[in-house]
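Peer 1: Would you mind keeping the following structure in view while I ask a few things?
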């Protein structure tokens, strides 16, 4: 009786959530309070955490409180340290929270707020949080081994090697697309460019300070750094208004791309303490602060969502990214619903610090729910804008032209009424020359955040400050990822080449370092530059490619989880990972197929290549090319993108093959065959 | 007097504890372990070894976090 009664509050919570969700889903009309979406999300998270994650913890994984975790067994005070679960939750959340959940939902808002909201909520509960939780558990049971190592251990060396190559390719696309987001945010924006450039000397100062003056005083130097950053935002306005300084920081996309590529190279060969570590402090704390600020803003200001629940662009004709709701919505919102990258984090430092394996539920499943909430907030921030503004900001110049008049006319003709005055007024309010065609998510999120935060603090006078604060925090965050990611890529390349030339593995070798870094930077730089000169804005092409790769990594990680469940003789419960694996395979393979063979040139790489090579054969020159030679380069880019898509699909299909092979082997075996640190009793 | 002092400290204890935890969380978010905990750990488990000093400890921690070895920072998207 009491047991039944303990469920009552949860049933109530579930009913409140269902009511909020129904309101969000069925509401038609002018606008709806963003709070409805927040309530629906929070209730979903709480109920899913209480019941589904408990089911996984008790029945599927059978977490064992008496199991001595690596942190306890190997405690060395350095890498393996039993850590309080709340502290570790913060660590894990900071590691998984990146720019992805902020960008994807903003792009997906072109289909309306409803499809994105539903996928974020369903995706995280049945796929994303499940993946993070189980991989964290698997790694904890294996002394904190990495995903690649666990795949090698459980699915053989060949599968391990294929996964390793897949991860490297994904890293390259990730770095290119994130760098592209920064370029898109900074083109022709002296204010933004100045503040981002100012982070470099600020970080160098912080690095020297904490190396030589006050080692280990992270709090102190971070406070100094944040104060300097805020000062640079304030001073940025002066730069933007100065006739002598503004031209110095008003740069074209191509220039910014080359600067970032050069920066990426330099930043990843100089010592980490000088630039990378201090930037990491700044971006981590700024991100946590901005996320908390946005949450408070949404709760206090209670903004109205003005985007329709569903727009006509679910048919695949949208200006932000091409392709219909299925499969492209599920590719666009990767992080926030399910992100394959998290499997690398969950098998990184967190499993080495976990005090008791039962806490994997709170840390793995819980942190991912929190990340999902960040995605919901980004979706809200994009949806509180006037839809006309949203589409003017996110549509490529090829569709809406370059003047406020042409943009207003084009966007209004789609049914989202907006006047040229609205567009110029907003641009001046946020301190920019123009806000048109700033695809990539960051500027839209920044306008949305400044819309919300200025109602909280400062009113219209501070709109420009909040806008540039949001741009800075995203750019800083992404550049830290570019820097750290290039380094990770470099080690992966060294490791891969090391298979053939063992001396290349030596991480202290200066030659190997420079060569591998150059390869890494050239690889992502190629895609970045290609995206910058793309007339459709680049995000259009690259974001789906990134989404496909990230979701494919998730499919690989969940496949591994499935294999281990079979090896543990828990096939009864294997549906927990099979269902999301199959769904991700369907989405990514369909999306990959469409990116290759779709007859529309805006979706299919091959038909795009055909369109340009046919035109070139007729002697025509199509924009953005200005010569026949450039036409040839565009065709080449299409073939490279197509080749990469094929590589992603080949990697994931190979992993499916190995997965099925190991599942059958496990079914035939008599006992538990998983390489667990301590073998658990069979069913 | 001493008793009054102790009771004040008892009341403040949760606050001090929360502050310490917040500080520890912030440090670990950027991959830095607690130096005092490390030093205490080395002193109790390996009395024959002198723990690293604070500066060396943080230097090594920074290098390890971004150095590509075990536990290196794998920034997420």
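All positions are counted from 1 along the displayed chain.
Each residue, glycine too, has its Cβ placed from N, Cα and C.
For A:7-26, A:32-52, A:189-209, A:218-236, A:256-277, A:284-301, A:321-341, A:362-385, A:465-489, A:541-566, A:573-593, A:639-660 (among others), the entry in TrEMBL reads transmembrane segment. Marked as domain 'CstA N-terminal' by TrEMBL: A:34-591.
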Peer 1: Is the count of Cβ pairs under 8 Å between the transmembrane segment (A:362-385) and the transmembrane segment (A:284-301), pairs 6 or more apart in sequence, 3 or more?
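Peer 2: Answer yes: the transmembrane segment (A:362-385) meets the transmembrane segment (A:284-301) with 3 or more Cβ pairs below 8 Å.
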Peer 1: Please determine whether the transmembrane segment (A:189-209) and the transmembrane segment (A:465-489) are in contact (criterion: at least three Cβ-Cβ distances under 8 Å, sequence separation 6 or more).
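Peer 2: Result for the transmembrane segment (A:189-209) with the transmembrane segment (A:465-489) is yes.
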Peer 1: List, by number or range, the same-chain residues at least 6 past the transmembrane segment (A:465-489) whose CB is under 8 A from its CB atoms?
Peer 2: 98-99, 102, 168, 171-172, 174-175, 178-179, 181-182, 185-186, 189, 191-192, 195-196, 199, 229-230, 233-234, 236-237, 260, 263-265, 267-268, 272, 275-276, 279-280, 282-283, 286-287, 290, 430-432, 442-443, 445-447, 449-450, 453-454, 458, 516-517, 520-521, 523-524
Peer 1: For the transmembrane segment (A:573-593), find every same-chain residue at least 6 residues outside the stretch whose CB is under 8 Å from a CB in it, and list them.
Peer 2: 56, 59-60, 126-127, 130-131, 134, 323, 326-328, 330-331, 338, 544, 547-548, 551-552, 554-555, 558-559, 561-562, 565-566, 645, 648-649, 652-653, 656
Peer 1: Count the CB pairs under 8 A between the transmembrane segment (A:7-26) and each of A:32-52, A:218-236, A:284-301, then give me the winner.
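Peer 2: Stretch with the highest Cβ contact count: A:32-52.
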Peer 1: Using Cβ distances below 8 Å and needing 3 or more such pairs, separated by at least 6 in sequence, tell me whether the transmembrane segment (A:32-52) contacts the transmembrane segment (A:639-660).
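Peer 2: No; fewer than 3 Cβ pairs under 8 Å.
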Peer 1: Please give the sequence-distant neighbours of the transmembrane segment (A:284-301): residues at least 6 beyond its ends with Cβ less than 8 Å from one of its Cβ atoms.
Peer 2: 34-35, 38, 94, 97, 222, 226, 229, 373-374, 377, 380-381, 449, 452-453, 455-456, 469-470, 472-473, 476-477
Peer 1: Which residues of the chain, 6 or more past the ends of the transmembrane segment (A:541-566), have a CB below 8 A from one of its CBs?
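Peer 2: Residues packing against the transmembrane segment (A:541-566) from afar: 60, 100, 103-104, 107, 127-128, 130-131, 134-135, 138, 147, 150-151, 154-155, 163, 166-167, 169-170, 173-174, 176-177, 180, 321, 323, 328, 330-335, 338-343, 527, 531, 534, 573-574, 576-578, 580-581, 584-585, 587-588, 591-592, 595, 641, 644-645, 648-649, 651-652, 655-656, 659, 662-663, 666-667, 674.
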